[in-house]
Amino acid sequence: MAAPVLRCVRKLLKLVDFTPVPRRYRYKKKWATTEPQFTASRLALQNFDMTYSVQFGDLWPSIRVSLLSEQKYGALVNNFAAWDSVSAKLEQLSAKDFVSEAISHQKLEPESGLSPTPSLDCSPNLRCFTFSRGDVSRFPPARLGSLGLMDYYLMDAASLLPVLALGLQHGDTVLDLCAAPGGKTLALLQTGCCRNLAANDLSTSRTGRLQKVLHSYVPQDIREGNQVRVTSWDGRKWGELEGDTYDRVLVDVPCTTDRHSLHEEENNIFQRSRKKERQMLPMLQVQLLAAGLLATKPGGHVVYSTCSLSHLQNEYVVQGAIELLANQYNIKVQVEDLSHFRKLFMDTFCFFPSCQVGELVIPNLMVNFGPMYFCKLHRLP
């Protein structure tokens with residue numbers, strides 16, 4: 001009985017490779033020093049699931065799946081190019097200018113017997129084309145036009161709302177406090193209202209991207225004249241540098257960039273090494289908004305914006321900055337009502353109905369723009 005068993009054991013031993021392993025390769029893999037157990041994007045989703053499920057309740061599953069799905073874009077027409085022919089080409093794609101559609105709708109309401117919408121005090125001359133609800137078509141990449149400038153700029157169409165809300169008027173002096181990568185700066189220039197525009201960002205690499213956008217879309221005489229100034233200063237100190245200077249200020253602050261954080265590992269604020277930076281974001285945001293308000297002339301307006309869903313970075317920051325200016329500078333600031341934006345742009349965006357102050361575009365599979373929070377503030381004389 002023992003002999004057959006021994007023969008089987010010998011056969012098995014012949015099949016097994018007992019080649020010795022060099023000592024330097026014999027180690028136990030340690031995840032902490034090799035690949036992270038959780039990627040930054042996974043940590044972001046984990047964080048959002050914990051916080052936003054409480055903040056948004058039953059809406060969170062819908063927002064979540066939309067954030068994880070492909071984003072929609074709008075095409076901001078370059079008014080410095082042959083904008084009329086560009087608009088015609090975009091219309092041939094069955095896209096519509098959502099800004100002009102909203103304004104036309106507002107003008108028709110009194111004739112239809114509906115209650116009139118408050119006057120849309122928005123920045124003029126902006127043309128941004130989007131595909132209709134549920135249409136997931138994509139715009140072709142922008143091309144160099146006949147005038148040597150790019151035809152249109154692809155962006156999250158919700159990013160145009162803070163610029164519209166700023167309500168620029170001809171001859172305004174304007175500050176874009178956190179300007180890079182440049183989409184909103186370009187939109188500000190498209191209005192044709194800026195007598196002077198200061199575009200600032202602390203990061204020199206990001207202002208380099210901003211300069212490239214301006215070079216591709218804006219004529220040389222405007223770029224190199226006195227109309228546009230690009231700087232890389234600490235935005236928190238702007239109230240000291242140029243206090244009481246600007247008619248309108250856009251404060252599009254650094255934030256958790258929720259959609260980006262779920263899709264990109266590079267430069268993700270949910271990296272473990274950036275935990276302290278992430279925790280300090282609300283304080284930085286309050287400081288930047290306060291600086292923007294101090295840089296505004298008495299009677300001027302500021303729009304605060306983020307691409308985050310977090311009320312800690314949105315409503316709470318607005319309230320914190322208002323209290324800071326009242327207590328430390330004896331400056332009164334009033335939040336302006338933008339609820340009519342929800343009515344005017346409801347065909348293009350999905351708005352969260354329960355913001356304490358300001359407006360919030362939430363991602364929705366039918367209209368997958370955002371997130372984008374924006375709030376308009378009036379520095380009282």
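In case you wondered, yes, glycine gets a Cβ from its N, Cα and C as well.
Noted in Swiss-Prot for the protein shown:
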TRANSIT   1-25  transit peptide
BINDING   Gly182, Gly183, Lys184, Asp201, Arg206, Asp234, Gly235, Asp252  S-adenosyl-L-methionine binding site
MOD_RES   Ser203  phosphoserine
ACT_SITE  Cys307  active site, nucleophile
For this session: Please state how far apart, in Å and to a whole number, the two most distant Cα atoms are among Gly182, Gly183, Lys184, Asp201, Arg206, Asp234, Gly235, Asp252, the recorded S-adenosyl-L-methionine-binding residues.
Result: 20
Exercise. Taking the Cβ of Lys184 (S-adenosyl-L-methionine binding site) as centre, how many other Cβ atoms lie within 10 Å?
Worked result: 24
Problem set entry | C-alpha spacing of Ser203 (phosphoserine) relative to Gly235 (S-adenosyl-L-methionine binding site), in angstrom | 11
Exercise. Hey, of Gly182, Gly183, Lys184, Asp234, Asp252, Cys307, which of those recorded positions are within 10 Å of the residue listed as 'phosphoserine', Cα to Cα?
Worked result: Asp234
For this session: Could you state the whole-number distance in Å separating the C-alpha atoms of Lys184 (S-adenosyl-L-methionine binding site) and Cys307 (active site, nucleophile)?
Result: 13
Exercise. How big is the gap, in Å, between the Cα of the residue listed as 'active site, nucleophile' and that of Asp252 (S-adenosyl-L-methionine binding site), rounded to a whole number?
Worked result: 9
Seminar exercise, completed: Same chain, |i - j| six or more, Cβ under 8 Å of Asp201 (S-adenosyl-L-methionine binding site); the result in sequence order is Cys178, Ala179, Ala180, Thr207, Leu210, Ser232, Gly235
